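Data block below; observations after.
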Amino acid sequence: MNDDRELVSPDAAGDERAIEAALRPKRLDEFIGQARVREQLSLVLQSALARGRPPDHILMSGSPGLGKTTLAMIIAAELGVPLRVTSGPALERAGDLAAILSTLSEGEVLFIDEIHRTSRPAQEMLYLAMEDFRVDIVVGKGPGATAIPLDIAPFTLVGATTRAGLLPAPLRDRFGFVAHMDFYDVAELEQVLHRSARLLSVNLPPDGAHEIARRSRGTPRIANRLLRRVRDYAEVRADGVVSREVAAAALDLYEVDSEGLDRLDRAVLHALLHRFGGGPVGLSTLAVAVGEEPETVEVVAEPFLVRQGLLARTPRGRVATAAAWLHMGLTPPPDAVGASPAVPDGEPVPGTDTAAAGDPEAAAG
Ligand SMILES: Nc1ncnc2c1ncn2[C@@H]1O[C@H](COP(=O)(O)OP(=O)(O)OP(=O)(O)O)[C@@H](O)[C@H]1O
Ligand SMILES: [Mg+2]
């Protein structure tokens, strides 16, 4: 992957984690957006505190970079308890999990990131642990093996997953509270940016924040990353102030366009419109036209294009929507997906309705 691809990737690069830690909100009232999740969670936590008991197990699902790890840390902080962090891939053997569970202190929060990647045996151990605060330690092998039950301290499991659909139902059902994290709107991302700018001592006027927020793909991680790149530009090429003009010039330089599309996204749309008349065209043909592997196009570019309502996946192939034609500065043909019926000159054109294609759930999985 090249550099500009990483600029709009929702995943965190290795050296990005330290910077992210510094920008993480520490308490629930500092956490921006996700109003419903925040309110629900606040109730769960407050009632647990009032009863003096650990709250129900909590599952958070949502795309990368939306704040799942951040919320897990906030949950422990709000409860005033320690946080133990592990991840699905680290729990390959049930014994790995048993070692953690048996050393939890009362009320502790156990955070399992990427919980959908936990191995089957470890998942089965989790069922019992979550429900009865007990694990069965198997001693010996074959017919002589015995299971020794071991009580563990009541704890709260906080699971995070980008693929809730991959969780087996028995595991999903054992969470008392499921928080679905949505993409952020532009106003919320502006707040994230202003907060980060304060922490990083970046001079960010409102119009600059708006420009960056629009290009951040609904994702705080990307917003923070674009802010750092734009700050570099502002310091070297301008007076350090991240105005709208500076932000736009910097992001154009990094090939992040006005809707957050990067070079690959635009190459896909360009090929689809110019070479294939807007489609339908098969994935592999489209991939050859942009000189990429089909998987790269499918996994890296398409989900965002679908979510933005720019591209539709149909049984006959990939199709550009009317919005895609417009975004690339072209006039959509009358039969384009989502094209509005012709209207007389001078009348406002109703917004091309791509709500269904823009649904993040439709793009996931
Ligand atoms: N609501 C928010 N308010 C302010 N900053 C946020 C918010 N959500 C996320 N961030 C910022 O975005 C960055 C990424 O968030 P986080 O690591 O929690 O995402 P994640 O959902 O765990 O991602 P992944 O799926 O890759 O693990 C953090 O550095 C954090 O500062
Ligand atoms: Mg995370």
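Placement of Cβ uses the backbone N, Cα and C atoms for every residue, glycine included.
So that you can see what the record holds, here are the features copied from TrEMBL:
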- L23, R24, G65, K68, T69, T70, E131, D132, F133, R174, Y184, R221: ATP binding site (BINDING)
- 54-185: domain 'AAA+ ATPase' (DOMAIN)
- T69: Mg(2+) binding site (BINDING)
- 185-255: region 'Small ATPAse domain (RuvB-S)' (REGION)
- 258-365: region 'Head domain (RuvB-H)' (REGION)
- R313, R318: DNA binding site (BINDING)
- 334-365: region 'Disordered' (REGION)
- 351-365: compositional bias 'Low complexity' (COMPBIAS)
Which of F133, Y184, the listed binding-site residues, has fewest other Cβ atoms within 10 Å: F133
List of residues, in chain order, with Cβ under 8 A from that of T69 (ATP binding site) and at least 6 apart: R24, F111, D113, A160
Site of maximum Cβ density within 10 Å, from binding-site residues R313, R318: R318
Collapsed DSSP category at Y184 (ATP binding site): coil
Alpha-carbon distance [Y184 (ATP binding site); R318 (DNA binding site)] in Å: 27
Protein Cβ atoms within 10 Å of L23 (ATP binding site), excluding its own: 17
C-beta crowding around G65 (ATP binding site), within 10 angstroms: 27
Listed binding-site residues adjacent to ligand 1, that is, members of G65, E131, R313 whose C-beta is under 6 A away: G65
Number of other Cβ atoms within 10 Å of the Cβ of E131 (ATP binding site) across all protein chains: 10
R313 (DNA binding site) and F133 (ATP binding site), distance between Cα atoms, whole Å: 45
